[in-house]
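The domain 'Peptidase S1' feature in Swiss-Prot is assigned to 21-250. Taken from Swiss-Prot, the feature disulfide bond applies to Cys46-Cys62, Cys142-Cys210, Cys173-Cys189, Cys200-Cys226. If you look up Swiss-Prot, you'll see His61, Asp107, Ser204 marked as active site, charge relay system. According to Swiss-Prot, the region 'Disordered' annotation covers 122-141. If you look up Swiss-Prot, you'll see Asn174, Asn225 marked as N-linked glycosylation site, on the strength of sequence analysis.
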Amino acid sequence: LLLLLALKTLWAVGNRFEAQIIGGREAVPHSRPYMVSLQNTKSHMCGGVLVHQKWVLTAAHCLSEPLQQLKLVFGLHSLHDPQDPGLTFYIKQAIKHPGYNLKYENDLALLKLDGRVKPSKNVKPLALPRKPRDKPAEGSRCSTAGWGITHQRGQLAKSLQELDLRLLDTRMCNNSRFWNGVLTDSMLCLKAGAKGQAPCKGDSGGPLVCGKGKVDGILSFSSKNCTDIFKPTVATAVAPYSSWIRKVIGRWSPQPLT
């Protein structure tokens, strides 16, 4: 009975598909100054989060095109507002987690900018978890944001959308009725507050924030049907990788994290 009740509350974005926000709300402009739009020569592809003046954290699977064709745009609210074009940087170096694979395990990548971001009201880094054990607990209230599609098979959002989420028990999400054992301990399983709400195509790589002041997860994958209740959206927990992230940043940018 408990499982059936849980089924009614689940949502998702059965095959894995890059996480993409349906049923969200427009964010207050520039209320999430850490948000990044990863774009190719044509349009927005994925989200990301500024974690250092020279580094962005995103999902490794988002790097499906040559780096020369990609750019990072900061300080955006609307994707196509000529009056507010944002701040653009190109990628000098991309470092995927060495354990990343096509099962979306360890789905993280660090992108080094070709310059340094000057913190401002609209562009500001989000802190990393301090310890590897600082994963948010089951039941935690979280939120995410992105410019992903707002309807199944629809178009990208015109402005930044946000969505409230709650963390589910990963063991339940690994049940044969759900993800059937594919989730690892470093993955976070998520549900929205209402049926028909979910991150969707274009939201991969965006940050999951639980509480205040730090990035707790990076949106990773879901099903092709964004709101499939049997396939909750999955994020990569950042805390277990905090040492790796700091090591990479420290190696290539020998200065204190900001």
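Cβ coordinates are placed from backbone N, Cα and C, and glycine is handled just like the others.
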(message) DSSP secondary structure for Asn225 (N-linked glycosylation site), reduced to helix/strand/coil, please.
(response) coil
(request) Compare the C-alpha of Asp107 (active site, charge relay system) with the C-alpha of each of the disulfide-bonded residues Cys46, Cys62, Cys142, Cys200, Cys210, and give the closest one. (result) Cys62
(request) Drop a 10 Å sphere on every Cβ of the recorded positions Asn174, Ser204 and tell me which sphere holds the fewest other Cβ atoms. (result) Asn174
(message) As a test of the contact definition, list every same-chain residue at least 6 positions from Cys173 (disulfide bond) whose Cβ is closer than 8 Å to its Cβ.
(response) Trp179, Leu183, Cys189, Pro232, Val234
(message) If I take the Cα of Cys142 (disulfide bond) as reference, which of the recorded positions Cys46, Cys62, Asn174, Ser204 has the closest Cα?
(response) Ser204
(message) Mean pLDDT for the domain 'Peptidase S1' (21-250), rounded to an integer?
(response) 93
(request) May I ask for the distance between His61 (active site, charge relay system) and Cys210 (disulfide bond), taken between their Cα atoms and rounded to an integer number of Å? (result) 23
(request) Please report the number of other Cβ atoms within 10 Å of the Cβ of Asn225 (N-linked glycosylation site). (result) 17
